[in-house]
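Let me begin by presenting the structure, written as structure tokens, before commenting on it.
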Amino acid sequence: MDDYEDETDIHEQIFHNNVREQIIFLLLFLLIYLSSFALLEQFKRRGREDYFSSDEDEVTVYRISTWLCTFSLAVSILAVLLLPISIMANEILVNYPNSFYMRWLNSSLIQGLWNHVFLFSNLSLFVLLPFAYLFTESEGFFGHRKGLLPRVYETFTVLGLLALVVLGMTYVISAVIDKDNSSIQTILNLWTYYLPFLYSCISFFGVLMLLVCTPIGFVCLFDIVGQFLIKPQFLRDINEEFFACALEEECLRRRLKQAQKTGKAYMDPAPMLIEQNGPVCDDDYASSCSLMRLRNGELQFGLGTRLMDIEKRRKLLDKQRQTSSLRRNVVYPVAMLLLLGLTLTAVLLVVQNALSLLIGIKALPSSSKQFTLGVSSLSKLGPFGAALEIVLIVYLIVTSSIGLYTAPCMKRMRPKLKSTPFCLLIANCALLLIISSALPLLSKILDTCYLDHAGATLYSEKQIQNVMADLSANVYGNPHSLHISSKSTEEAIDIIRYEILQHFNTNNEEYSIVFTSGATAALKIIAECFNYGSKSKGTLVYLENNHTSALGMRSYAENAKEISTERAYELMINEPKKYPDKNDLNNIFVYPAESNFCGTKFPLEWIKCIKEGALNEFVQTKSQNWYVVLDAPCYVASNVLDLSRYKPDFVTISFYKMFGYPTGLGALLVKKTSEELLTKKYFGGGTLQMVLSSQNVIVPRKVLHERFEDGTLPFLSVLAVKQGFETLKRLNLNFDSISQHTFSLARYVYRKLCTLHHGNEKPAVILYHETKFENRDIQGGIVNFNLIRSNGSYIGFTEVLHMANLYGIHLRNGCHCNPGACQRFLKLKPSDIVKNFELGHVCGDTNDLIDGIPTGTIRVSFGYMSSKKDADRLLAMIESCFVSRPIRKMPSNSYDQRNYLEHQIQKSADTENITEYFETNSTLQNEEQDEKGRLTNIFVYPIKSCGSYEVSEQWLIGPDGLKYDREWVIINSSGVCLTQKQNRNMCLIKPVIDLKNDRLQLSFKGYHDIDINLSNNMERLKEVCLSQTKICSKRVIGWDCGDEVSDWLSEALNMSGLRLLRKYKEDGGLNVSIVKQSFANNGMFLLVNSKSVEWLTNKIENNELNEDLNTTIQRFRPNFVVDFSKPFQENELSDLWIGNNFFKSKGTCTRCHMICIDQETGNTSKEPLLTLSKELKGKIRFGVYLSLVDDVQTVLKLNSSVL
């Protein structure tokens, strides 16, 4: 009964949240609607022909049109306010994430506002406003009776015809702008192409209006502000001008007084002669027979006008004279400069975002279906910076609106109080909608900070669009065929080869190109096919700082030697010894043009040195047959490789590191004079001129790439390379400028990290570099480092990765597939590597600290689309999460820093000493009694990463875990296991296990419940397919549970192609001994101590996690919740009894950002991960894994004692 009530409470809470969000939106929109209606009432004309007609139908038409116009105006105002509201909401959630008074404010509400505004903007612009205008102008079709319906028919008919015209024009414009995407076949793609394209055109027009109107509005604001402020008068004597003006005013008063008495107002008694029969004055007011023409041509009326001007000037001078010099000489210039700065910033912001949208510089992924507010501030300056951004947006809106209505061309469109025709009101609403459609370009909420360009750079939106357009407009066939599309494909591939060679400043007479699946495959070809000479006695020499793939080449070499970086530099500087005779040994040297570990650029001059025998001394040979392999995928991604100047024998490259797309494609560039050294044994399709199936007789093709490109090339991927080059041309980029840009960003981060220290003046960062970022010729755009605590101990890279994920920062951790550099910089001996392996550490895992020593590092790398904002976001995350009272202090140098910190390392793992927080002054009298606890909760998670089911009394357990625990798993269309890291809403799928009826019931907010049979009916299961996936790098298999539940999950989680798998139980039909038979991550049971959770909640500052203890416990997704007598007592136990069941501890549970997800609502925050990171100095470990010792099924009861 309690379980049912809990489930009901959750459903009610979710329902109430949805209702609350809709009510908030309705109230907000109603408020804006009423304000818009009041605004329209102030402007609309009161003419009888518009609003006071005796025809009731006419009144109804105008009333309906007014409602539609008001609705559209309200939408435009809401669109204008949307960005400020979103920014304010984010800052409130950052500073008060769990405030009781702010629980109504969340990402779901803001995202709902965005969706509603986008929908209603399109509806208003394309439907409501045109309908309102046409409806008011309609009269009904000829021959119909008068009334509303004929006018409605006419309006819809005209609106339909107008829609056809607009869509036709849209098609023509799209064909001109993007002819590859527009074709007769796509003319019916109304919802997927033309309407979004039309709205994009309108948004772009709105951007142009912003760019034009903002400077005009600035000029007007300049004049308006000048009227309220006192201008500085540096070259004028205000007092002298004031007294002169007062004197002139007094004189005019006397002259005017005399004129009123005598009719004469001149000082000279002799009047001028009046023309005969001529009028005294053209002005009726001044034309009086009693007045005479004066000597200076002025009359009494002129004197009065002059007196009014002088009086006004005298008052202005008096105001200026009484104003302080500080206010007069400082406030005015500052206000003008502030306006100028705001205007320039606003215009530059609009231009930057408009160009990004227009030319496709914005890299993917740029957004996601869901966004999260409250994770981090949108400005480095925090709330102040966010407030400044809001001011900037409001200023942009105000200036653009003023500029719009003060432009000369808008004179007839300006609304006037009480006298604006209805058609002009509609036109003004449309203009405001168009301008407001451009404002979302300023949004920064959905930004992704991608800092792993050395792993793979990002592709641009336009690049992918052009690739798809090329594939849509052309037919490409297998190049091995001989039909028309095949030949055109082969020719297109040859053109790509020429373009690649041209990019490296060479031609097909000097180098050949062999397309491969990547740089690794290129190195493998060299390793397998290189001829080492007589009896294969030649030597392979490889630099210590090399990629793992280069190390793999030694498996094919009889003699292989590693050379350190220092030794290599030493030998390259010395003059090589000359030997007159050559032998038949072929030696090869492999080194990277740029280290993928630390970004060091090794001299390309080494190529010539090697060929002259610089390594003869090292390998103790007199051979002069030296060949060079330049491993260049990292280098060519941001640098120019000039093969006309430097001529290595072999060059390996990878295109996804250059352009982001296509993946799975690289190339091997082979110097023509070195082709004969590659001897191939295997042959595939398309590589031979002739072959006999019955005998081992073959004749290989003569052209190198035709011999080595086995089978059919990935020709569509090869053709996509063209769009990579076109993207750089379109953006007017060259690799020299890219090199400068990426180096500048890396140097900025490097210097900031160098000076970053804790409050106790201890370094916070250790950097792993061979340069000081002084010259981009020897250093690339990579920064490699580890973080250090204030006590000198290392922070594990996995902990940093979790916090980076929480802040939306994508970076790389580990050894980066460069074991030589990793071991060198971390000072790890071979025995240390073996020891770490024996302790369970393998390449690519998250085991980052062993005995307090790091097993890897953190790497950030930059690409051409990176910005200083990305660098600042990384630095802000490091300072806020890992540095205690950060200060800036110049270090001596990075090497001294590293040596100093190496001596400060604590050899013991911090997690083993976590109980230092809870030392007491007295010894406990009864240790056995102190270790007792009570089992308070048992949680079962039937579907991995979904909601929990709380046991009410007792539950079956066995060696595989709790019964039904993690027995099901959801996989996506690619067969990958789905977790809350990809979709937070999984926690809202609430299960109920009904043992009596043998059913598992699943529920989700807003959807009907669905049932699954708990029993394993093998006959029924065999009717559906057996599927497999991977969990924690282990292959798992399970039965597909069918289409009904899969469709329900896809709809509930808003992801297509989801499938539900159930754990496979062996029945003899399949050998599953080598696969994982459970969907749990690690241990079968996870225990959490409620006292530890209570300690954690007390540590969280400012009560930012304002929730009850049970809700916080749910964040850690435990199976067992035990109430021990003190916090973290569970970490001290190697084994324990729970009731009559004996468990062994399998170690602590390393936590990630998933604990920041509220399991009841799906909302995220920075806590409790941030506090765990600060308080637990070492791994973020919380909770312990358990395994059941007895290999039998038994019963576990609630409230059992724990010993």
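Residue positions begin at 1 at the first shown residue.
Glycine is treated like the rest: Cβ placed from N, Cα and C.
According to TrEMBL, the transmembrane segment annotation covers 23-43 (among others). When Cβ-Cβ distances below 8 Å are used as the criterion, the transmembrane segment (23-43) is approached by residues 66, 69-71, 73-74, 77-78, 81, 104, 109, 112-113, 116, 415-418, 420, 425 of the same chain, each at least six residues removed from its ends.
Positions annotated as transmembrane segment by TrEMBL: 64-93 (among others).
The transmembrane segment annotation in TrEMBL covers 113-135 (among others). A Cβ distance under 8 Å defines the sequence-distant neighbours of the transmembrane segment (113-135), meaning residues of its chain 6+ beyond its ends; these are 25, 28, 61, 64-65, 68-69, 71-72, 75-76, 78-79, 82, 85-86, 151-152, 154-155, 158-159, 162-163, 195, 198-199, 202, 423, 426, 429-430, 433-434, 436-437.
Taken from TrEMBL, the feature transmembrane segment applies to 156-177 (among others).
Sequence annotations record features per position, and here TrEMBL assigns transmembrane segment to 197-226 (among others).
Here TrEMBL flags 330-361 (among others) as transmembrane segment.
Packing against the transmembrane segment (381-407) from elsewhere in the chain are residues 80, 83-84, 87-88, 90-91, 95, 209-210, 212-221, 342-343, 345-346, 349-350, 413-415, 431-432, 435, 439, 442: each is 6 or more residues past its ends and has a CB under 8 Å from a CB in it. What TrEMBL lists as transmembrane segment is 381-407 (among others).
Residues or ranges marked as transmembrane segment by TrEMBL: 419-442 (among others).
Residues or ranges marked as N6-(pyridoxal phosphate)lysine in TrEMBL: Lys657. DSSP gives Lys657 (N6-(pyridoxal phosphate)lysine) a helix state. Taking Cβ-Cβ distances under 8 Å and a sequence gap of 6 or more within the same chain, the neighbours of Lys657 (N6-(pyridoxal phosphate)lysine) are His453, Ala454, Gly455, Ala456, Thr457, Pro633, Cys634, Val636, Ala637.
The active site annotation in TrEMBL covers Cys817. DSSP classifies Cys817 (active site) as coil under the three-state reduction.
Taken from TrEMBL, the feature domain 'MOSC' covers 1058-1203. Confidence for the domain 'MOSC' (1058-1203), expressed as mean pLDDT, is 79.
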Below 8 Å Cβ to Cβ and six or more residues apart, same chain only. Which residues does that give for Cys817 (active site)?
His547, Thr548, Ser549, Asn596, Cys843
Sort out the residues at least 6 away from either end of the transmembrane segment (419-442), same chain, that have Cβ-Cβ distances under 8 Å to it, and list them.
40, 43-46, 50, 62, 65-66, 69, 72-73, 75-77, 79-80, 82-83, 121, 124-125, 129, 132-133, 136-137, 199, 202-207, 209-210, 213, 349-350, 353-354, 357, 393, 396-397, 400-401, 404, 413
With DSSP as the reference, give the number of residues of the domain 'MOSC' (1058-1203) in helix, strand and coil.
35 helix, 45 strand, 66 coil
